[in-house]
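For A:D7, A:D141, the entry in TrEMBL reads Mg(2+) 1 binding site. According to TrEMBL, the feature active site maps to A:D7, A:E68, A:D141. Residues or ranges marked as Mg(2+) 2 binding site by TrEMBL: A:E68.
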Number of protein chains: 2
Amino acid sequence: MRVLGVDPGLTRCGVGVVEGVAGRPLTMRGVGVVRTPADAELGPRLVAIERGIEQWLDEHRPEFVAVERVFSQHNVRTVMGTAQASAVAMLCAARRGIPVALHTPSEVKAAVTGSGRADKAQVGAMVTRLLRLDAPPKPADAADALALAICHIWRAPAKNRLQQAVQQQAALQASKGRSA
Amino acid sequence: MRVLGVDPGLTRCGVGVVEGVAGRPLTMRGVGVVRTPADAELGPRLVAIERGIEQWLDEHRPEFVAVERVFSQHNVRTVMGTAQASAVAMLCAARRGIPVALHTPSEVKAAVTGSGRADKAQVGAMVTRLLRLDAPPKPADAADALALAICHIWRAPAKNRLQQAVQQQAALQASKGRSA
């Protein structure tokens, strides 16, 4: 199973690709950050994020995309940008019929460290160990994207298969709609 | 000046096209709602909104897109969906180099009724009068989209010209980036 994890953000959107199955050693296929300038207009920033995500999808052909679920109890301004960046990532995946899964930050932390309240350093350390890397990926957004992908591989494989079937059906109907 | 107004939402995304200039009678070119089923997955819903917005852009070729600015002090669940739908609308416009303007609900109400705290019925009544329609557009999301377009035509024409120049430059650089 190849999963693209996306830690959404307008200024830094973390992306990481992990391959493997639950119960076996995992392999990192790529990690990076899609950046957009904070002083640019919102529209062109969303276009730049779309282009970045499309490149990652083209290059790595993931079977699943795992995106961090956005909550609005945090900083209002940041949360809006995060929701908008996550919408672009979900749109890019869904257009290709790739199933999108959302995982909360605490689900991701619990999956890779055993605690839903682990800090960034702990998540970075476990990602480094689980993927047998030489050092924690920087910035933290990149490490978080890998943690999301690992979380997705480890959580409910049966649920993934069901969701994949449902979304492929939806994509099929969408493409029928387009050609009609 | 032809403006597409977008009142963003996942379940009902209001769209309306108004043509005219400040100080002259305005003309409605089209009004409608892009709907997505509330029980569908988020990814395919965003794809359906993208397809709907693209059709409106193809058909009406607006010079500006005016989108309601989303705030997060309202219902948390609704606001996330609204932010995501607005991101798709902004993305569609910016990809074509069409300048996107954001107006707050109170700016829109003040523009068409004279009061930033006007209710839906009052906004609907003024949209009907200003566009010389036989009846208020239904649902309210459609009327709000027309009000957004009217608000944009009436607010700061000089600001629009500046923004258009900036965004066309950004689109030019974006297309250079793609072909590089």
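Placement of Cβ uses the backbone N, Cα and C atoms for every residue, glycine included.
TrEMBL: automatically predicted annotations, no manual curation.
Every protein chain shown contributes to the tally, and the Cβ of A:D7 (Mg(2+) 1 binding site) ends up with 29 other Cβ atoms within 10 Å.
Residue density at A:D141 (Mg(2+) 1 binding site): 25 other Cβ atoms are found within 10 A of its Cβ, drawing on all protein chains shown. Between A:D7 (Mg(2+) 1 binding site) and A:E68 (Mg(2+) 2 binding site), the C-alpha separation comes to 6 Å.
Between the CA atoms of A:D141 (Mg(2+) 1 binding site) and A:E68 (Mg(2+) 2 binding site) there is a gap of 11 Å. In the three-state DSSP classification, A:E68 (Mg(2+) 2 binding site) falls within a strand.
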